[in-house]
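Asker: First the structure, which I've put down as structure tokens, then a few questions once you've had a look.
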Amino acid sequence: MTSSKPKKTSRVRKTTKNSKKNNPVTMPALAKTPPSFKNKVVDKKALKNLVSWAYKTHGTAITAAMADNLKDLGFKYATQAAVSISVDDLKVPDAKQDLIGQAEEQISATEECYRLGEITEVERHTKVIDTWTETNERLVDAVKNNFNQNDPLNSVWMMANSGARGNMSQVRQLVGMRGLMANPQGEIIDLPIRTNFREGLTVTEYVISSYGARKGLVDTALRTADSGYLTRRLVDVAQDVIVREEDCGTERSIVVEAEDGKFGARLLGRLTAEDVLDAEENLLVPQNTAIDPALSGEIEKASINKVKIRSPLTCEANRSVCRRCYGWALAHNHLVDLGEAVGIIAAQSIGEPGTQLTMRTFHTGGVSTAESGVVRSKISGKVEFSSKAKIRGYRTPHGVEAKQAEVDFILKIVPQGNNSGKAQKIEVSSGSLLFVDDGEEINSDITVAQITAGAVKKSVEKATKDVICDLAGQVRYDKVIQPKEVTDRQGNITLKAQRLGRLWVLAGDVYNLPPNARPVISSGKSVDEGTVLAEASQSSEFGGQVRLRESIGDSREVQIVTTSMSLTNFKLIEESTHSGQIYNLESIDGISYRLNISPGSKISNGEVIADLTDERFRTKTGGLVKYAPGLSVKKARSSKNGFEVSQGGTLLWIPQETHEINKDISLLMIEDMKWIEAGTEVVKDIFSQTSGIVTVTQKNDILREITIRNGTFHECDDEEVLNRFTEEGNLVNPGEKILDGVDNKEILFVQKLETPKCRGLLLRTVEEFTIPDQAELPQLAHVKQEKGPYLGLKAIQRLTYKDGELIKSVEGVELLRTHLSIESFDATPQMTIDVESIEDKNDSSINRLNLVILESILVRRDTISDSSHGSTHTELQVNDNQLVKAGDVISTTQILCKEKGLVQLPNVVDDEPIRRLIVERQEDKIKIKISDKALVKVGDRVVDGDPISKSIKSTFCGEIEEVSNSSVTLRYGRPYMVSPDSVLHVKDGDLVLRGDGLALLVFERQKTGDIVQGLPRIEELLEARRPRDAAILCKKSGIVQIKQGNDEESVSLSVIEKDDLVNEYQLLVGKNLMVSDGQQVAGGEPLTDGPLNPHELLDCYFNDLKDQKPLLDAARESISKLQRSMVSEVQNVYKSQGVAIDDKHIEVIVRQMTSKVRIEDAGDTTLLPGELIELRQVEDTNQAMAITGGAPAEFTPVLLGITKASLNTDSFISAASFQETTRVLTEAAIEGKSDWLRGLKENVIIGRLIPAGTGFSGFVEELSSEAGPHPDILAEESGGYRRAQNLRPDYTVDMPQSPAVSSSAILDDPSDEDLETTRNRHGIDPSSSNFAAFARPNAENQFSEDQLPDPAALEGLQEEGLLSDE
């Protein structure tokens, strides 16, 4: 591999150190040209060029002085002129009104086309938006011209035009029009803001405009953070890229292609990879020459379209970039210096403009920008298509019928008759649109075609839009629509239009019928105003007694008492308390129930309506509850409401008074374990209620509780007796012996007690409460109908406390509660029970409680007709208090006709109820008089402008109903255009009201919704994210074969490869094909639309190439292809936002992302499968394998996103300081990694000088002593390794080292056979100078005599500091 030295030309100069600082050299080529006098207005751009030229020509000092002078000049005149903006400076161009008028005319013409059903709703929307966009652009031009011609010294214009402040888009909003705005969903609103800020916005416009303003503010805030993080990741991935070599000597290069014959700045500062020759093979630019603007211009003049240049992408310098491949440092436009940290410069150059990018994602709602590539006829003549022309019908997004070319061909316009002259030739590319037919004669300046740039199929997605009816009437389809029922995977049936056609709505008065109404008139009958069209009746479900209520709102309630129950033997007594009214029920025998409900309320089944207030089960104090055998309760999930008694019995109650004190012990006025009388003061101001023995509970000198237990205390020392009882207590039945001399005639509760002075038993009395099996129910009087729900009361007894529960209380508690709950069977959920208070029949002073189940029927009031309902008349068929049976009619409602006309009923299937009917009125028709023969027949549909007879054209749309010799009757109608595949919501003959949905238009729009722009897109690219819904890529090159499935949705796609292998591709629903049958495709080409997955793209390139080329070449070429596409993708995003970044910066970053490969099979090398390693390293390893005859490693190239690449860098210090510190450091420790401190970051962290700039020279010396890339390769100069660390662990030994090098871990040595095999495999002679690597030391880690090499080699090692003197 030879590297030719750069030929010295006037354009490249080599500078020695410091030459730039001391003597600014004038470049000889430029020195000869005399200074030219430029007499023109200097704006921002010209100023930039001027300063740049001065810097290149005269160096820093002169340029700085000139810039200073320019600043002073500017300030001087700015001060004199005192430029500022006043309202009068904002001059609105006169042409504005005309332009807006023209736009409105175009839009009303579009609306008219829509009204006539010539275009769909989508096409109308697209056309309107495009019209406004175009108007806005024309208005900007008008603003520019107005200022230029009428007021060139206008302050606003000067500022915007010179680039001092502001730009045209801001001026446009100040004096032009604000234009179209997007709504919060990102869709463009088709109502533009026509005014500007000078004229002032209307309220509506202001609100619309504030959407965008808010979005802008939020956007800016988010952008700064995102941009900063992007810069940090970029710096981390590229921080170790430093210019370390003069020339890497590579023969690889990249090709730069001219765009429209121009290279722009893309060649500047790059070195040519080979001689550039012109058309006559003359040498234009020698190899390795830096291209300056003059040379770039010469190359363009010579019409050279491709130039091979050197690039960081193809640089073969190890872990760095060489000067030649990098080219100029753009700071001073000279070849980059050694030691320049180009990685960090690249990272900052890409990250810094991030704040200028937008984050917005636009959903334009199917909007295509202004038509591009429109070709007009230059002459009049006859159109001729060439023989190979293939075209098909196409409808443009604006609804214009055109043709689309399927192949490339030539279209000629041939002059006819007297017009002799040259024919006009137009090259039509496939996908272009044609607006003329073959053989058609046309005039000059007619739009002939719209040419697309090559056969680029745009990525499209399906979107939908509703078609809303704006006229009530009957639906009719055009025959061409051919609706077809389609069943989807879920089994839902939808009706779809197969062809483009019209859906008509014919006018008429549509009546909505109530749910249970049925028509009483047949189809085709004439009706007058007030005729009954339909009747609806309401009937009772259960029957009962009718109550008529006062009307509420626009309906009247009829109540039917189905079941009622009166509590005749209870008085209803009302009490007033401060919290409101309380109602009690009192029986004759004095039992009182507290009502939980009040009259007038509604209750449901099972609800508790009253509680019995029973003093018999109330205690005087707290105590202990015990259930006697026989008493049982139902198990309940929660004990919140108590325990329901399932079987009655005896409840035992042991009284016990408990005072909760929580005061200081000093306040205690009695002694523990002493008997006290009722009324004793136990603590200051607290008195006992009962007599008994006191127990005091205290903690930390705080008095917690005082318990007073009733009963008598008997001293006893008999262990046997005491052991029969516990401190918790035992129940003793009457007659059972306790102690001598104690006669128990009733149940006692006995507890063992130990006082400080003596021991004994406390005998406590037990109270007994008898609980019945069933609670006593009040006597009721209830009604049971023959049909209807039953109503009754049920009493429930609930115990408040569970068995063994201790209630700590001074006041008494309620042990048993009796609840009254309502019980009703056969009641439907919507039937509620009403609570009423009624007077007693015999005594009006007494009120009784009455419970009734009501069936409530709302009867509609009579209504006057409105747009969707006819007038109704409702009649009640029952009287108050009348008894009705189940199924009796309560009311009938009649729907009356509003106007005279002809009734039509819709077609219904089976017994489907009729919900609408239509009356065709006189005003829905028009009679058109004709004098000659009619050209239409009954049933024809005509639109505005269609001929009815030879002399008369229709001025309306509709359907012909009658044709006679003198007149034609037309029924008004409204056509709606529906596109193929639209979903139809209505059937032929259906009746619709205004506002109903007729169809859902399915249309294709360019995928703009998902075109993520700006920063998120840059991030997506640099992080190599896998996009959602990615395109399907061709795995290997071949010929496409497309087969149509049974239903129109399913398409099978396969590619026939070289060896006749057929590769089938699974197509997902909604994916559009980007290829046609029989087309030749290459590996990596997208077969369907959608964003490209970069990882998959790399795999496809690699798999396609590795069958044709050696593994290494395939990897290099596939990586190179991916690199080029990534650089151009990133550039496109920045360019679209008007940000210029030099390619080389992006190339440095992309190089870092694509530098690694994944080992698939290690062969005989010491690499590990799955390991990520640099391609260069693998290349060297495989070369060594080729020499030794071992099996090479197999690998696949990988693409790493910037975050992943940063974490996979060779330096673990750099990776750990970036992200996931613990994981990175742990892994590095386990693997025993070494960090060579190559990058800037590692050195900064450790606190050394960084190996860039002035610190670079020291680093070069260090590098020269450093080991090569991998143990399997022998370094060239010394014939072997000198550092033990660089070796693989399986043959590493400890070895004396110079202090500069850290010692690595000692690992187990392989057995002698292994050692021998390793030596043989690598062709290594044990006596070579890297003997330490492959020799085996003895136990003391010393080498034996025969292991040591000859003294000369030893001396060499000692000199290098690798062996100590011993």
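Every residue, even glycine, has its Cβ placed from backbone N, Cα and C.
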Asker: Can you pick which of C248, C469 Swiss-Prot lists for the same Zn(2+) site as C315, C322, C325?
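Answerer: Zn(2+) site check in Swiss-Prot: besides C315, C322, C325, the record includes C248 out of C248, C469.
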Asker: Three states by DSSP: which one describes C322 (Zn(2+) binding site)?
Answerer: strand
Asker: What are the non-local neighbours of C325 (Zn(2+) binding site), defined as same-chain residues 6+ apart in sequence with CB under 8 A from its CB?
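Answerer: C248, T250, L271, R310, S311, P312, T314, C315, A317 - these are the non-local Cβ neighbours of C325 (Zn(2+) binding site), listed in sequence order.
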Asker: Around C322 (Zn(2+) binding site), which residues of its chain at least 6 apart sit with Cβ under 8 Å of its Cβ?
Answerer: V243, R244, E245, E246, D247, C248, C315
Asker: Out of C248, C315, which of these binding-site residues shows the lowest number of other CB atoms within 10 Å of its CB?
Answerer: C248
Asker: Around the Zn(2+) site recorded as C248, C315, C322, C325, what other same-chain residues have a C-beta within 8 angstroms of the site's C-beta center?
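Answerer: Filtered neighbour residues, in order: E245, D247, T250, R310, P312, T314, E316, A317, V321, R323, R324, Y326.
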